[in-house]
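S.K.: Positions annotated as transmembrane segment by TrEMBL: 20-40, 121-143, 171-188, 195-220, 226-246, 301-319, 325-345, 357-380, 400-422.
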Amino acid sequence: MGKHAKHSALPAAGSKKAPIITPMMVLFGAVIGWLQAIAWNGRQHGGDWASLWIAGELARDGKPEHFYDRDPADFSGLSGDVWFTYAEPLSALRSHPFVHNPVVAGAMRWVTEWTDFDTSLLWLTGLSGLALVVLIASAYYAWTNDTIPTTWLWATTAACWVLPAYHSSLWLGQTSVLIFAGVMYAIAASRPRPVIAGLVLACVAIVKLTPVVLIPLMLVYPTRRLAGAVAAGATAALAATSYFLYTPDVFRTWWENIQQINGGLILSEVNQSLPSMLLQGQRDDTVEVHMLTEVPEHATLWTYGLALVLGALLLWVAWLFKDDAFAILAVGGFTVATVCGSLVWNHYYLFVIGTVFGLLTLTSRWNIMVPLIAISAVWFYQPLSFVVGGRSPLYIPFNYLIGTWILFGCLLVLACITTFELRRERRIKTVRKQ
């Protein structure tokens with residue numbers, strides 16, 4: 001943080017050569033994954049994983065033209081008979097349409113040839129436990145350049161393991177935990193393991209797209225430039241592969257779908273974005289997930305305004321804490337890009353663990369910051385949070401969005417306190433010189 005002393009609430013960082021992930025962490029993550037695979041076996045919706053599975057089967061059977069058969073008015077609705085034919089034998093309660101890059105369907109083809117749907121869902125659930133540990137360990141390393149202490153890993157894993165957002169990801173058969181673990185690992189490893197970091201970032205970027213925002217940032221920093229270059233090259237190669245893997249029409253259909261989703265708005269309390277919150281009154285309850293094709297201008301302006309304000313806040317904090325500027329802009333920037341998107345499923349908010357570690361690392365007044373973070377955390381848990389299987393009487397819609405706003409409020413408090421302390425130090429130095 002420049003010349004300004006930093007008194008972190010986290011244990012002090014050690015050598016930059018410290019490992020991000022240790023064999024014991026992998027073992028711990030495997031145990032977590034095994035336990036949750038047993039606990040969730042036979043109790044999952046599985047619809048989100050079913051969409052990837054069916055896309056893989058369509059790729060296997062030479063039917064890529066049906067990848068993106070969906071109802072334009074209902075985001076969760078299918079179109080045509082082909083998808084229903086493939087979905088009927090699956091144990092998933094309901095399959096959702098496929099929206100990912102065609103190359104993802106090509107990768108899923110190999111999964112469908114290797115195993116069956118139920119076994120693959122079990123593997124996904126287990127790997128999500130390992131990914132949770134990777135996410136936490138990488139988030140710690142991204143801020144401290146040190147391996148996370150065992151007690152911190154256990155405590156944070158326990159706190160995340162009971163998060164309703166995490167349960168939602170497991171219940172739906174989502175890949176979000178794996179994606180966010182990959183993003184955070186890429187941020188943490190971009191200096192010590194640049195090639196691996198770049199390849200990991202490319203893989204997650206081709207699935208979720210939003211991680212692409214990290215590539216230009218890595219290219220700006222000389223110590224991260226190799227990771228950014230590898231990520232850019234690998235992402236371009238995967239994009240080219242997706243174009244030529246099937247017919248160009250398939251790629252164009254995917255791109256049109258992405259533009260429709262980004263240009264429209266999914267009205268659902270599960271989509272915890274600002275526009276979704278502002279326009280809930282326009283939701284059509286006759287469809288499961290209402291897709292609004294024309295978004296009112298005021299909702300878009302509010303979102304852009306929020307993104308600009310949060311971006312300015314990140315730049316302010318990065319200027320105050322110059323030694324941690326990359327972590328601030330990478331973790332904070334990805335969080336802003338995610339939260340300010342038009343589609344922010346509740347399980348996306350798992351990524352805020354990186355912001356929490358950042359606040360604890362940067363703060364010089366952790367006795368103030370920790371209670372503020374605790375206030376934010378309340379919004380992520382029961383009884384205020386939506387949970388799988390129902391809602392409590394105290395449930396508050398868009399609780400994750402509100403909790404994240406409070407976290408950014410903590411960042412504003414941090415910036416104000418630090419600015420005040422820096423000015424006070426300058427005044428003291430000026431008086432002493434006189």
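Glycine is no exception: its Cβ is also placed from the backbone N, Cα and C atoms.
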S.K.: I'm a bit unsure how to read this: which one of 20-40, 195-220, 400-422 has the highest number of Cβ pairs shorter than 8 Å with the transmembrane segment (121-143)?
M.R.: 20-40
S.K.: Six or more residues out from either end of the transmembrane segment (226-246), which same-chain residues have a Cβ under 8 Å from its Cβ atoms?
M.R.: 59, 64, 101-103, 106, 186, 189-191, 194-195, 197-199, 201-203, 205-206, 212, 214-219, 254
S.K.: Checking distant contacts: for the transmembrane segment (325-345), what same-chain residues at least six beyond its ends satisfy Cβ-Cβ under 8 A?
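M.R.: Sequence-remote neighbours of the transmembrane segment (325-345) are 139, 142-143, 168, 174, 176, 183-184, 187, 210-211, 213-214, 217-218, 221, 224, 261-262, 264-266, 270-276, 295, 303, 306-307, 310-311, 314-315, 317-319, 351-352, 354-355, 358, 362, 401, 404, 411.
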S.K.: Same chain only, please: residues at least 6 beyond the ends of the transmembrane segment (195-220) with a C-beta under 8 Å from a C-beta of the stretch. Say none if there are none.
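M.R.: That would be 100-101, 103-104, 175, 178-179, 182-183, 185-189, 226-235, 237-239, 242, 258, 326, 329-330, 333-334, 337-338, 341.
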S.K.: Under 8 Å between C-beta atoms and at least six residues away from its ends: which parts of the chain pack against the transmembrane segment (301-319)?
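M.R.: Tertiary neighbours of the transmembrane segment (301-319) are 273-275, 278, 325, 328-329, 332-333, 336-337, 339-340, 342, 362, 408, 411-412, 414-415.
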